[in-house]
Structure formats: C-alpha cells, structure tokens
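K.L.:
Shown below is the structure under consideration.
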Amino acid sequence: MPDSPTHLGHKSVLSEAQIADPKTILDAFPNPFPDRDYQIEFVFPEFTSVCPVTGQPDFATITLQYVPDQRCVEMKSLKLYYYAFRNKGMFYESVTNTIRDELVALLKPRRLKVIGAFNARGGTVGTITVDYVGSVR
C-alpha cells in the first residue's frame with residue numbers, strides 16, 4: 001500500500017515567478033461553440049488575500065461570469081491563479097479589477113463580470129462588482 005493516496009491527483013505548487021505575476025498561470029482553450037452566446041460561471045468561495053494596511057487576511061467569494069468569444073478559461077488554471085493572491089497585499093477594489101483586467105486580456109470575451117464578495121471586516125461586508133462589455137456581434 002502506498003504511503004499516500006495516488007488517486008487524488010498531484011500537489012500543485014506555484015513557483016515564485018507565478019506568485020509574483022499570477023496572470024502567467026492562466027490558460028485558455030478554444031471555445032467549442034464560438035457562434036453561440038452562452039454564459040459560463042465559476043464561483044470560488046475560498047479566495048484569500050491580505051489587507052495592505054493591517055496585514056490581516058481577507059476572505060472572499062469571487063464569482064466570474066462571462067460570455068466567451070473564441071477562448072474559454074481553463075478551470076484549474078483559474079483556481080491556481082486565485083491561489084496566487086493568497087499573500088498579496090491588495091485592497092478589495094484592486095483585487096477585483098486586476099482579475100477583470102487579466103481575464104479580459106487573456107479571453108477577449110463578449111461580456112465579463114467579476115464579483116468580489118468579501119467577508120465582514122470591522123462589521124462591514126464589502127462587495128465589488130466590475131463589468132466588461134466587448135464588441136457587439
């Protein structure tokens with residue numbers, strides 16, 4: 001019997017370069033239905049970053065909704081991309097807008113929305129929503 005389960009996949013370790021520049025983690029594949037408008041939604045309830053003022057962890061649910069054009073984001077790369085924010089000191093607004101900008105650059109979608117729903121801090125819940133509307137077909 002092996003010392004560890006082999007059916008669970010492999011440990012994903014990010015390099016220092018990937019942590020420094022998370023967009024390098026993102027990968028995409030050809031949209032199998034580029035002539036059709038349809039929405040893809042990924043909800044990531046385990047997002048963490050760090051408050052740049054206090055150094056305390058910030059926890060959030062990040063929701064990505066987009067209508068692809070020619071490319072779709074690969075889900076595991078998206079998960080690892082989110083993990084790379086774990087120790088970054090960023091305000092909520094910077095987190096959400098950075099995710100939007102880097103995904104728009106990669107995918108060039110028809111539409112895209114990122115919602116960062118951050119857990120309560122000091123009795124206040126913060127939700128940041130940022131949209132992108134590409135060229136109309």
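Cβ coordinates are placed from backbone N, Cα and C, and glycine is handled just like the others.
Just lifted these from TrEMBL, have a look:
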- C51: active site, thioimide intermediate (ACT_SITE)
- D58: active site, proton donor (ACT_SITE)
- Y92, E93: substrate binding site (BINDING)
K.L.:
Three states by DSSP: which one describes the residue listed as 'active site, proton donor'?
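P.N.:
For the residue listed as 'active site, proton donor' - judged by DSSP and reduced to three states - the answer is strand.
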K.L.:
If you measure Y92 (substrate binding site) to D58 (active site, proton donor) at Cα, how many Å is it?
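P.N.:
Checking the Cα atoms of Y92 (substrate binding site) and D58 (active site, proton donor) gives a distance of 9 Å.
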K.L.:
Which chain-mates of C51 (active site, thioimide intermediate) that are at least 6 residues away have a CB under 8 A from its CB, listed by sequence?
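P.N.:
Once residues fewer than 6 apart are set aside, C51 (active site, thioimide intermediate) is near P57, D58, G89, F91, R121.
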K.L.:
In sequence order, what residues of the same chain, 6+ apart, have a Cβ less than 8 Å from the Cβ of E93 (substrate binding site)?
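P.N.:
Looking at Cβ-Cβ distances below 8 Å from E93 (substrate binding site), excluding near sequence neighbours, one finds I128.
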K.L.:
What is the total of other Cβ atoms whose distance to the Cβ of D58 (active site, proton donor) is within 10 Å?
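P.N.:
By my count, 22.
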